[in-house]
Amino acid sequence: MSQRNLFRTTSKIVELSRGGMVAAARKLFDEMLERDTIAWNAMITGYARLGLSQQALSLFSNMRIAGVRPDDFTFTAALSACANAGNVDYGIKLHALVITSGRQHSLPVSNSLIDLYGKCIRPSSAAKIFDSMREPNEVSWCSMLHAYAKSGQFDDAHRLFNGMPNRNFIAWNVLIAGYSRHGKFEVAVDLFKLMQTSNCRGDSWTFSSLMDVCAKSVEPSHGTALHACIHKSGWDLATETQNSILSFYIEIGCHKDAVKVFESINYRTQVSWNTMIDAYMRTGDVSEALTLFLEAPEQNVISWTTMIVGYARNCHGENALAFFTYMLRSNHRPDEFALGAVLLACANLAFIGNGRMIHGCIMQYGFASYVYVGNGLINMYSKCGDIDGMNGAFREIRSKDLVSWNEMIFGFAFQGQVEKALDMHKNMLLSGVKPDKVTFIGLLMACSHSGLLETGISLLESMDRVHGLNWEEDHVACMVDMLGRAGCTKAATKLVEDYSEKIGRRPSVASKALLGACSMQGDLRFGKKASEGLLIVDPSDEMGYMLLSNLYSASAQWNEAEIVRMAMTGKRLKRKPGCSWIQVRNSVMVFVSGDLLHPCILAVCKILQLIKYEMRNQSYLAFDVVV
């Protein structure tokens with residue numbers, strides 16, 4: 001290939017990559033008979049700019065295998081890919097290669113290293129690079145400032161900020177954004193005021209950062225006041241600022257205002273569409289979210305993930321699974337959040353077959369060691385009753401967090417394996433992970449289901465004495481259930497009364513647990529007392545009426561049971577019907593108690609009658625049953 005053709009092809013690769021047509025650029029790159037360093041750099045940079053970090057790093061490895069020596073531009077692009085992916089391990093290897101290549105004093109490479117360590121929250125590593133630089137430029141100073149601000153080391157950030165030779169608006173924005181990210185609204189606003197007096201005007205980045213922190217503030221008036229300030233400054237026409245305002249109104253629950261902001265955006269970016277899709281999903285309006293999804297000019301991974309997460313959270317598990325399948329067919333590589341959401345759908349539906357197929361995708365894409373995905377796998381296998389799958393998913397997680405341990409404890413508790421739940425708790429403490437209140441709910445549930453009253457009491461006492469955790473209503477409810485199963489309804493009643501006096505109100509969940517315990521033991525005396533407290537707290541809860549009615553019926557007090565049911569009817573309260581489902585091939589069959597309109601009701605009744613007959617006549621065996 002002549003030098004002129006090589007230049008033309010490389011220029012075309014750059015043009016296609018910048019236009020987002022990276023697949024076409026890669027096809028052209030693969031067809032090249034000869035490639036120089038510039039051609040490799042063009043393709044690696046194209047991937048890195050589009051956020052395709054894995055492809056960029058893979059191509060970097062191929063470049064080295066091909067014997068082409070990387071230059072400053074190559075290292076800059078590869079380090080940028082590592083920074084965007086948060087892959088600090090690969091970045092450290094690149095850093096070593098930079099040193100062996102003698103390019104550690106290159107200004108662009110040093111800046112990329114600072115950016116890498118800053119984004120991966122390694123400020124001390126970033127500081128070593130910065131201190132070794134001969135003549136850092138504005139990018140160096142701002143990158144180092146970002147490293148301190150992102151990690152929350154604001155004393156070091158201010159020291160660096162005050163020592164900057166030129167505090168430009170980027171430096172101000174980095175510091176304001178840092179405080180905003182850590183929820184320090186007042187400090188961020190004070191910095192903004194100082195910025196105004198130092199002849200540095202706020203821009204869309206400044207206002208976006210401040211708007212983001214307002215969304216997390218407990219006082220919505222801060223955000224509305226800032227919105228007015230943005231409008232006066234004229235920055236409300238900037239798309240980035242409009243997106244932040246849109247997110248603010250969604251976060252504080254002002255859906256109508258969010259819709260108005262969305263409709264006022266002239267140039268809607270992908271962020272605008274995705275944010276509004278998420279808004280509709282939060283309100284449970286899945287049909288409107290789907291309409292927006294289809295209306296959007298294009299869909300990216302975040303769009304698909306937002307739909308999958310929304311469907312899963314709104315109990316549309318089948319739609320979540322279907323969307324995940326469509327996402328794969330559309331050649332969109334799922335991220336860890338999409339995989340976590342579809343695992344949640346499988347868990348809620350108890351679809352072990354689909355869950356295992358998703359696990360296969362996770363292995364294929366290399367997400368098995370990710371803690372968020374691993375926790376989703378544990379939850380899915382737990383709810384599907386697969387202990388081996390649960391243990392396997394737990395082992396695959398590279399850095400287990402508190403949620404990982406809690407999921408395992410709950411999984412064993414649900415399966416009645418109390419000893420394994422308690423062993424998991426011991427291993428958790430040995431690994432240096434401190435339990436939280438959720439941990440003890442799982443442990444108390446395990447003890448309750450297995451009748452380990454003394455162990456449960458010991459665990460409850462250790463919450464406050466050993467770990468400094470206060471009891472909450474769910475802990476008391478678990479303990480009441482445990483005492484009730486042991487026949488200690490008097491002790492359970494006293495526990496609820498003592499806790500009620502402590503918090504100054506009647507706890508609903510604990511009262512319901514107490515009534516259930518009395519109903520289980522047939523203790524009418526304490527049961528009536530528990531029901532009175534429960535009906536005062538929540539007179540519209542049908543469960544209290546049902547438990548009291550059952551208690552009267554168990555004590556053969558039919559008139560009193562009928563009176564309770566009449567009171568329930570008078571309040572127009574109905575018992576929620578039981579529901580079950582089964583997956584048949586690729587469809588889900590749902591059965592609701594009392595539903596005689598199901599299309600397969602005759603076949604189901606016929607099979608049930610046959611099973612009933614077989615149970616009563618063990619010597620009878622039916623063959624060739626035609627449904």
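Positions of Cβ are set from backbone N, Cα and C atoms, glycine also.
Over in TrEMBL, the protein carries these features:
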- 36-70: repeat 'PPR' (REPEAT)
- 137-171: repeat 'PPR' (REPEAT)
- 269-303: repeat 'PPR' (REPEAT)
- 401-435: repeat 'PPR' (REPEAT)
Chain residues outside the repeat 'PPR' (36-70) and at least six past its termini with a C-beta under 8 angstroms from it: 6, 9-10, 13-14, 16-18, 20, 22, 25-26, 29, 77-78, 80-82, 84-85, 87, 90, 97, 101
Structural state census, the repeat 'PPR' (137-171) (DSSP three-state): 26 helix, 0 strand, 9 coil
Residues from the same chain, set at least six apart from the ends of the repeat 'PPR' (137-171), whose C-beta lies under 8 A from its own: 107, 110-111, 114-115, 117-119, 121-123, 126-127, 130, 177-179, 181-182, 195, 198, 200-203, 206
The repeat 'PPR' (36-70) - residue tally per DSSP class, helix then strand then coil: 26 helix, 0 strand, 9 coil
